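Visitor: Take a look at the following structure, please.
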Amino acid sequence: MSKQDGKLTGLFGAPVSDRENSMTAGRRGPLLMQDVYYLEQISHFDREVIPERRMHAKGSGAFGTFTVTNDITQYTNAKIFSEVGKQTEMFARFSTVSGERGAADLERDIRGFALKFYTEDGNWDLVGNNTPVFFFRDPKLFISLNRAVKRDPRTNMRSAQNNWDFWTGLPEALHQVTILMSDRGMPKGFRNMHGFGSHTYSMYNDKGERVWVKYHFRTQQGIENYTDEEAAKIVGMDRDSSQRDLYNAIENGDYPKWKMYIQVMTEEQAKNHPDNPFDLTKVWYKKDYPLIEVGEFELNRNPENYFLDVEQAAFAPTNIVPGLDYSPDKMLQGRLFSYGDAQRYRLGVNHWQIPVNQPKGVGVENLCPFSRDGQMRFLDNNQGGGPHYYPNNQGIYESQPEHKKPPFPTDGDGYEYNYRQDDDNYFEQPGKLFRLQSEDAKERIFTNTANAMDGVSKDVKVRHIRHCYKADPEYGKGVAKALDIDINQIDLETNQDETYENFK
């Protein structure tokens, strides 16, 4: 359709003479293959659904602005943080994790919290969740997590048995499971939850000094959550309640905000840390590593087209900028390949050209001249006729050695190390988290756990009770009571290796 006169055309500009009536042989005859407009439309329709994300398929997004409110240049020379008051355009996408594109927003689930900052040194993607930890610490388990929380291959239904069988087979998962079964496992909406980078990352400054960091984003709207009963009533009326809440707030000028903080750990502190500081199943205690304010982001513009900006948004932890870097966190290392690879499958090799993914602070003519061709390459004239190799006699495409990162500390031989032999302290932190809850909040953890374990076999329930008891005896007793299981009939002293190996 021509935007100027509102007249309908086909995809290549030819006027459409009749939008409603197909071309036929006679008034009531069969269709003619020369009705090219119909063929063009139906063939496009047949192909317009792209693969959904393997996780985080149901999501909402908005554009906004990040503003620096505190000087952290002692830790990083990243330009996004170069001065107080500096603003950077950004995009955020929130999501559930387990459900498909049409799933309800209010499920007891982790929420995705993905941010894309359009800096002058390129895009910085911080791909996190609304929880500071995860179920495990080795990426080889990620595929099984996907299988366990999604649909059963025989019934094609989600299976609490599969879910809990997997979770309770990993004692280190209890920390994340405790958060998930707590009030924060059912946020009222995306505006009313905190966000976390979750992984350990690093920063480095002009002197080449590296520190390890964790990112925190604290909602300025306040934490609000639903009970299972409240959520069930809302889902019956509105499956898109979190998306609607975010969209309507922005449309009405009630712009949501989050304050950004970091925790900082020096390399020397990391060497002496009692646990593995790169273990995604654990937090750094704030009393030891206090929150340092960095800035605030505000979401103030809804996308004009959901598919263009939200469905096609592509986040990858490999998208970082000078002054920011990775860590030895094995889960982060595993994501460095997986995310970009998934986007290339889902959106194509040139998905960086999609407007929401384009670097805004770097001219497209300067972007990687050796990555050419591929389906739907159009944005930068495919780098024109310039050299597509290096070295060349034109003196272009030179490296930028001033952006070399400081040496990345590593040690040891390449080997499949058993991480359980490195650290089997699975229950200290979930126990502390449980004891921080009010008595009412503890009761809701028990109730939520019983609801979530409905239909799960007794042996799996017993395994979970045993883990909870090891975190705190009252935790185990409360879950057992909610599940109507006599805790006195359970062997609570089974060691962890046996628990993991035998699932008993």
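Quick reminder: no glycine exception, Cβ is built from N, Cα and C everywhere.
Swiss-Prot lists H56, N129 with the feature active site. Under the heading heme binding site, Swiss-Prot lists Y339, citing similarity to another entry as support.
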Visitor: Take the C-alpha atoms of N129 (active site) and H56 (active site) and report the distance between them in angstrom, rounded.
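Guide: So the Cα of H56 (active site) lies 10 Å away from that of N129 (active site).
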Visitor: Between H56 (active site) and Y339 (heme binding site), what is the CA-CA distance rounded to a whole number of Å?
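Guide: With distance taken Cα to Cα, Y339 (heme binding site) is 12 Å from H56 (active site).
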Visitor: Around N129 (active site), how many other C-beta atoms are within 10 angstroms of its C-beta?
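Guide: A count of 24.
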Visitor: On a count of neighbouring CB atoms within 10 A, which of the recorded positions H56, Y339 is highest?
Guide: H56
